[in-house]
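Chemist: To start, I am sharing the structure in question, which I have written as structure tokens.
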Amino acid sequence: MDRNRQLLLVIGVLFHFFYLWSIFDIYFVSPLVHGMDHHKSTWTPPAKRLFLIVGDGLRADKTFQKLTHPRTGEEKYLAPYLRSLALNNGTWGISNTRMPTESRPGHVAMIAGFYEDVSAVTKGWKENPVDFDSFFNQSKHTYSFGSPDILPMFAFGDGVVPGRIDVCMYGHEFEDFTASSIELDAYVFHHLDELMHNSTTNATLNEELRQDGNVFFLHLLGPDTAGHAYRPYSAEYYENIEYIDRKLEEVIPQINKFFGDDQTAFVFTADHGMSDFGSHGDGHPDNTRTPLIAWGAGVKKPIHLQDVSNLEEQLLKQSPENSGFESTYFDTWELDHLVRNDVNQADIASLMAYLIGANYPANSVGELPLGYIDADPVTKARALYANSLAIVEQYFVKEQEVYNHQFKFKPYSPFEEKSIQKYQQEIESLIDQLEKSGSGSKDEIEKKVIAKIEELMKTTLDGLTYLQTYNWLLLRSIVTLGFFGWIVYSFNIFLKLFVLNEDELKIPPEFSVTLVGIFGALAISINYLLFYQNSPFNYYMYAAFPLYFWYTILNEKKYLITGIESFLHGISNTTKFLIVVSFIGMYEGIAYGFFERVMFSIILIIIGLYPLLVHGAHKVSGLMKTIWFITCLLMCTFTNLDPVKIESLFQINVGTILALIVSIMGTKQVFKRTQVGPIQKQLIIAQIAIIPIILFATNISVLSLQARTGLPLYSQILGWITFIVSLIVLPILHFLNPSSDYQLRLLIIFLTFVPTFIILTISFELLFYVGFSLILLQWLSIEELLKFSHKDLVETFEKTGKLPKGYWLQVIRITIIGFFFLQLAFFGTGNIASISSFSLDSVYRLIPIFDPFSMGALLMIKLIIPYVLLSTCLGIMNHQLEIKKFTISTLIISTSDFLSLNFFFLVRTEGSWLDIGVSISNYCLAILSSLFMLILELISSVVLSGVEYNSDGTKLDFEPISYRVRKRKVT
């Protein structure tokens, strides 16, 4: 491999991996600090113990609203007991979670009061215990029951007091999506009952259970499992909620009877919700709205709206429109007559700490929700003040950390205007007044002190954000220079690899002492600055790339200028302008398409017209132009369909029939025009024969799973056999008996992936696969007709020693269209705006037991298949244009980061969690597109190894005209 190509690959991979992570280092750095003193929530705890009950994946609306049961048709409340607690015994509201709406971040927020950065979902669960303080760690002892994915992460770790947290959990084999999810929750209730029963015969255990400050954590995974498997509107999901409600109605009185002192507090909530699609992770309201009900010792009883003094203000506060809900969201809840107390999920940790008098978790940023507390004004004020001091403690530690590593530190201006000490003096003075005041003025003073404490908390949290983003300007400038540097640097390598001739490259760049001195001084200065700021290793890499890129660019500017002249040789200024407009238009259109998929439809229509507009359009027949335009119109259908798909056996069967028809017709055409050996014929017939077999297995699996009878073993085995044979065994046999015809090779690749798509599709994905294959095949044919003929290339080369004028224009066009198809391969069936657009329904046909890595691998295979088709197409394009391997992909790589740069500046840290999540996902997908191009044509070089092109009888590893031009002597 050429040294420049090796350099491009190595540096390209490193650059994109490091810069992929840059948004997390800049925008989403965890505010985690260590070394704070603890602050006790209250010296007069109202409860001796607390039960935290978490319904994993439980939506707020399904918990409270009246619903029609899908199995019985009865209109009912699914959780009448929990509703009765909200109506008669405690306080209720909506707990608003943050993105990512996954189990680990959700539990960390409610138990530690801390929002992990977005990268938390990459840390796993059991294998990565939380590395910060938690409410459990501040309890006397915690007894936890439930899932092996959740319990261990709080029970182990450097900061956990050994032996403080007990875990009782089932094995992973219990998490079977085709079995009853109720069994998971039954396990929890059974073992809680067993624990209390054992204490009657074990005096030591009995004494331990009755200690003040104990916590009992019941993690109920059933709703999440049922929601994933059957959707949150299914009978299974509803029945799981009903089961939890019935068991709580039994268990709560038993708990009160067991302890016999009415000193138990209860909190019922969820870690996240569940989308209608049966997934979670993004910021959709169905995922972020969870129920919260608290009752028992220390919790305020329900307050009727008619009893509040500021009725108008309260009505305005909890009206759907003013509190961020749809106008009809609460319509059937029949809780409108009660005060609703909504909280942020991290506030739950502060509430629980107060109820049993524990220290606030050291890293908690939650605010004690006073609406849930039944206490006198002074107690509430002191508890909230202690809460604020715990947050102030974090600010002091973080400020010192930043101050120690800055040449010149600029303090947070609001605390310059009014110091924390001043806030403390005012608050303590107001609390003293509150203690001494009479009943007449107490309410007014209480409002003042609470407002002052909340002001301190908000200012402190804003101050923490200020400290977190202290070096934003420097880092964003470095990363921006890095992106622009990479774009120019990689384009320069493209020119050296594919455009400049060898004699031009033999003249080395002149050594410039000035240039070395300038960049040497810059490197020393930036590295010293980063060292002084105690920056992590990643920061040094962010700075190293732009320094290297821009030094190389300026040092090799002669290559860049000469190469651009050769690349644009013979292209008019008007055409150059149109090229720039096309590049900008395509990349900006794609960027907009990340938010509105309809833009991909508009671009497809424009691409459908391009054979009419380009030079040489007369070479393409009217019939081919018409078929091409119709195909582009049909492909628009997929980018307008809802990416959140519902399983449809009808669409699966229709897609399979279409794939079978295309397979048979394609086979007949290839057999007619190509001499195919007997072994290859048998293998292709076997590939086609597998299609109805795997369709049969898929139908059996889908019908059984939809009927809730589980996954039949024989259909699972048949599915795996056909999956492995079609994807692994038959391709290997083809490899052992290779064909040199490129159309036959394309047919084999198409047939290889049809069975995989059948068993892993839930809706229209197979139809998209067939359409995408056909549009790529037509694109190949059109570009073959539009290219310079081999004869013209040879004649021009022999006369001038150069390529024809405008030769690279077709490469530019293919690059623009190819990058669009790279995005279409994903957006044709998916939408990055919703993590929930990836369904697990299909993988249940092969893996019914919860196994995130295996399930994720199957989904990745399904996502990668269209890219393999595209890589094969680009590989053949290189040959058709008689250019070297990797020419097209290298040009795409050098320009595609304009899209990444777009999304780097569109990353959001404020607004809805859906918007924040989308901005992160967009950036990651854009930068991975560039990285993925490095892999695509490597794949094509493997799958097209030894293929011959019939028009000139040469192989794909022939020496193309463009390469002979590069080797000519400079005259």
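Placement of Cβ uses the backbone N, Cα and C atoms for every residue, glycine included.
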Chemist: Of the residue ranges 382-402, 886-906, which one carries the transmembrane segment annotation in Swiss-Prot?
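Modeler: Swiss-Prot lists transmembrane segment for residues 886-906.
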Chemist: Please state if Leu641 and Gln680 fall on one side of the membrane according to Swiss-Prot.
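Modeler: In Swiss-Prot, Leu641 is across the membrane from Gln680.
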Chemist: From Asn89, Asn573, name the one Swiss-Prot lists as N-linked glycosylation site.
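Modeler: The N-linked glycosylation site feature in Swiss-Prot corresponds to Asn89.
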Chemist: Among Asn202, Asn699, which is annotated N-linked glycosylation site in Swiss-Prot?
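Modeler: Asn202, according to Swiss-Prot.
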Chemist: How many Å lie between the Cα of Asn137 (N-linked glycosylation site) and the Cα of Asn198 (N-linked glycosylation site)?
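Modeler: Roughly 25 Å, rounded to the nearest whole number.
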Chemist: Within 10 Å of the Cβ of Asn202 (N-linked glycosylation site), how many other Cβ atoms are there?
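Modeler: Excluding its own Cβ, the number within 10 Å is 12.
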Chemist: Are there residues at least six beyond either end of the transmembrane segment (646-666) with Cβ under 8 Å to its Cβ atoms? List them, or say none.
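Modeler: Answer is 277, 687-688, 691-692, 695, 698-699, 702-703, 706, 747, 750-751, 754, 757-758, 761-767, 769-770, 773-774, 839, 841.
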Chemist: Just counting, how many other CB atoms are there within 10 A of the CB of Asn198 (N-linked glycosylation site)?
Modeler: 12
Chemist: Among 598-618, 717-737, 886-906, 924-944, point out the range having the most Cβ pairs under 8 angstroms from the transmembrane segment (857-877).
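Modeler: The stretch with the most close Cβ contacts to the transmembrane segment (857-877) is 924-944.
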Chemist: Near the Cβ of Asn137 (N-linked glycosylation site), how many other Cβ atoms are there if near means within 10 Å?
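Modeler: Result for Asn137 (N-linked glycosylation site): 23 neighbouring Cβ atoms inside 10 Å.
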Chemist: Count the residues of the topological domain 'Cytoplasmic' (738-745) that DSSP assigns to helix (H, G, I), to strand (E, B) and to coil, and report the three numbers in that order.
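Modeler: Looking at the topological domain 'Cytoplasmic' (738-745) with DSSP, the answer is 4 helix, 1 strand, 3 coil.
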Chemist: Which residues of the same chain, at least 6 positions away in sequence, have a Cβ lying under 8 Å from the Cβ of Asn89 (N-linked glycosylation site)?
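Modeler: Trp295, Gly296, Lys301, Pro302 - these are the non-local Cβ neighbours of Asn89 (N-linked glycosylation site), listed in sequence order.
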